[in-house]
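Before any comments, here is the structure.
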Amino acid sequence: MDGFDVSQAPPEYRSVEPIANLFVLGMGLGWLINYVGMIYQSFKDETYGMAIMPLCCNIAWEIVYSLIYPSKSLTEQGVFIAGLTINIGVMYAAIKFAPKEWSHAPLVMRNLSLIFFLATLGFLTGHLALAAEIGHSLAYSWGAVVCQLLLSVGGLCQLLCRGCTRGASYTLWLSRFLGSSCTVGFASLRWMYWPESFSWLNSPLVLWSLALFLTVDGSYGICYWYVRQYELSLKEAEGRKSK
């Protein structure tokens, strides 16, 4: 049974499919808010909000599973295509403003467009290779796991390396967390009510990935708060000096 084809789902899953679709819509809403917010924040702060490698991996995954191996669920199709369309804007903003973040590394700064292109091409072929190796139904989920872990770890590392909240906000963090948590929600329903195709979601590696996502994304919120407080303390100190 192809776990990607909802029309072949057992009656148990079909009975909870409307709830699963709500989680899919929640996933889409969270990520669309995140993408639009990143475009806004990028132009506001003249930087990029998502680390380069996670961004390239993410847009490559969306290309593969929006255009090459589209879901047979119309809800998922709509969410993925909408996400890909807006993510192109995220990529444009990143390419436009990334040179300002790499003035300390001229070789990188002068070749960022090429780096974005090659990284996206590399991840695109990687997602396709994974689909050819284990089938696109499984590769869809495992590729998404890789994207999520890169996003979580890359986002936290970027925040700590910059030492400031430039290109970030609570809205971006919470919308990303909402979108990913909804993904966990509908995956859980598939595992519980469609075990013939999704029993593997209870595997140690999936559970480890889930624990890592929750730990790192939860840590991001705490670290963001500390960095923001540090920024505010510096601003207050400068204000007192100017008096």
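In case you wondered, yes, glycine gets a Cβ from its N, Cα and C as well.
Feature list (source: Swiss-Prot):
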CARBOHYD  Asn111  N-linked glycosylation site
TRANSMEM  19-39  transmembrane segment
TRANSMEM  48-68  transmembrane segment
TRANSMEM  78-98  transmembrane segment
TRANSMEM  112-132  transmembrane segment
TRANSMEM  137-157  transmembrane segment
TRANSMEM  172-194  transmembrane segment
TRANSMEM  205-225  transmembrane segment
Range from 19-39, 112-132, 172-194, 205-225 with most C-beta pairs under 8 A to the transmembrane segment (48-68): 112-132
Contact ranking winner - 19-39, 137-157, 172-194 against the transmembrane segment (78-98), Cβ under 8 Å: 19-39
Around the Cβ of Asn111 (N-linked glycosylation site), the count of other Cβ atoms that are within 10 Å: 15
Intrachain neighbours beyond the transmembrane segment (205-225), with Cβ under 8 angstroms and 6 or more residues off its ends: 145, 148-149, 152-153, 155-156, 159-160, 165, 168, 170, 173, 176-177, 180, 184
Positions whose Cβ lies under 8 angstroms from the transmembrane segment (112-132), at least six residues beyond its ends: 52-53, 55-57, 59-61, 63-64, 68-69, 91, 94-95, 98-99, 102, 139-140, 142-143
Long-range environment of the transmembrane segment (172-194) - Cβ separation under 8 angstroms, sequence gap at least 6: 3, 9-10, 12-13, 15-16, 19-21, 23-24, 26-31, 33-34, 37-38, 41, 49, 141, 144, 148, 151, 155, 201-202, 210, 213, 217, 220-221, 224
